[in-house]
């Protein structure tokens, strides 16, 4: 509790509104509430988060662990991004029922499509448990033993904290281990697909427009949460009924204007706002360039096949989008960090930090922090780069190698946990890979393998390369693997895993694809991971002390905890920006812009005929504005990955937009937030309603919602 009090006492209530930051919703009273009201907010902090009555937090569930969603009707209807629902849409798609291309709309509840393993998680309460988690930790000197004690305490408090039988407890760390918070949650496992526009709307602009502005993408999809007859979470059942939410968001028909207040709630995944300059230099100069080059090579191969074959396009659409998303983000991030002189600004802060350490007489506690950071980042860099090559080539972007690595992990389970654990893992692996092989094409992956293994062998630090990557003729090596390995089709894969543990391990050891993966994984496990983890543990300990020092030495600064996939609030205004000299981007776009980008037959910029007809007839209904149809808008809200699908609400708490991206120039906000160029991109809710109503003819979904005119009161 003392860190909560310290955190609140650190700040002087400011009369001038500020922006930026990802704030814990249970701690908004005081500085944050004052700032938001100065920006124009009309509701209170208690309206945003409360355990005593319904609040906005009850309408913002975590969507499948990686995105955000919002409840928009009293019947459990939720809204998220098209790209967040993409896997579900793809899984229900086939050549005969191509929902990716044509869209999908359930015209009655009986038509809504169930989705195995898709969950949404609601927050019931947020509780500080710092004292319980850090009990008995201060006297421990070993960093490893300290973390073990913390984990032991987390296990205890998770098990003992009061909750209902259908609820779950989860503890997360904040401020680099200086604060711990327990979330009581409800996880709903019956989530059904209700509607999704065609990809020509939901992914309009695709990879060319990704991370950029102006934008004209209708990036949304709709699902419905189902519960048992007690309104509690339950596995899928035909007897389940639509979930009755504690709160749902009214939808504004009045739209936005520049300088309007906006607030975004969601589950941002990861930020690193308090890194030292040495870490930022490593990102800009070492790790980002390596990851960008690897993914660019994989994307080039996949794109070539997808443009020639529609079946491959369906198979690889979601995978391609996933690879491209962070490839482009890393490019923009690196450019933004350079443009904003983030390294130089960090260095200036570090000079000031050292002076404050001396002035406060804290040399013994904090005097060597920066020198130690420099030492350890210098030591860890070759290991970090090697780690990225292994993860990007083997674990993530070459499918045969990724599958082989799962078998490697299976073998390790047998070695460390025995045959029963092996059998359990094996059965789960066989079952889960059915979907993998449905969307796997060996010809495509062989070419990806050829390109990426060549990069691994020629660009990764030479001192950490295994023998299997030395002196390899890549164009001959790839066919020799793919023509002989049993990891290229489901039937052979299942046969490979038939039998007891010893029989399976013997069979996979003889597979050429697995043998190659094992050589890479053994090398990584022996020569890279241990030393990386050892140094990284020291860096993490330094970062925790560095964070504590900043909280102590900068009591009047706006310090918020880095994102960690927990519910946060960020606020700002609808605002345009200037990316470069003589250019200013307006904060709103219209359907006119999509038509201007229209390229008939192009997979990125084609437009459905019906949408063109609606545009030509200006048939916008109640969703138009001065004869035009709003599509997207931008704001100064501080967002990141995980905020996809987040609701953007107005001053009264009404839904005005759906967050789905950031502008390319500002993607470095994960590391360095610059309010002059950092903008989040949102779909205007009027465009969402227009597509549902006028384009899809799903008026019944509109009728479920509460449409309001807050500006006309």
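If you go along the chain as it appears here, the first residue is 1 and each next one adds 1.
Glycine residues also receive a Cβ, built from the backbone N, Cα and C atoms like all the rest.
The annotation signal peptide is assigned in Swiss-Prot to 1-17.
What Swiss-Prot lists as active site, charge relay system is 83 (among others). In this structure, residue 83 (active site, charge relay system) belongs to neither helix nor strand by DSSP; it is coil. Other Cβ atoms within 10 Å of the Cβ of residue 83 (active site, charge relay system) number 24 in total over all chains.
Feature annotation from Swiss-Prot assigns active site, charge relay system to 219 (among others); the stated evidence is similarity to another entry. In this structure, residue 219 (active site, charge relay system) belongs to neither helix nor strand by DSSP; it is coil.
Residues annotated as active site, charge relay system in Swiss-Prot: 644 (among others). The C-beta environment of residue 644 (active site, charge relay system), restricted to residues of the same chain at least 6 apart in sequence and closer than 8 Å, consists of 66, 67, 68, 80, 81, 83, 84, 659, 660, 661.
Here the Cβ of residue 662 (site 'Is essential for the Asp/Glu P1 specificity of DPP11') has 29 other Cβ atoms within 10 Å, regardless of which shown protein chain they belong to. As annotated by Swiss-Prot, site 'Is essential for the Asp/Glu P1 specificity of DPP11' applies to 662.
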Secondary structure of residue 662 (site 'Is essential for the Asp/Glu P1 specificity of DPP11') (DSSP, helix/strand/coil): strand
Alpha-carbon distance [residue 219 (active site, charge relay system); residue 662 (site 'Is essential for the Asp/Glu P1 specificity of DPP11')] in Å: 13
Around the Cβ of residue 219 (active site, charge relay system), the count of other Cβ atoms that are within 10 Å: 30
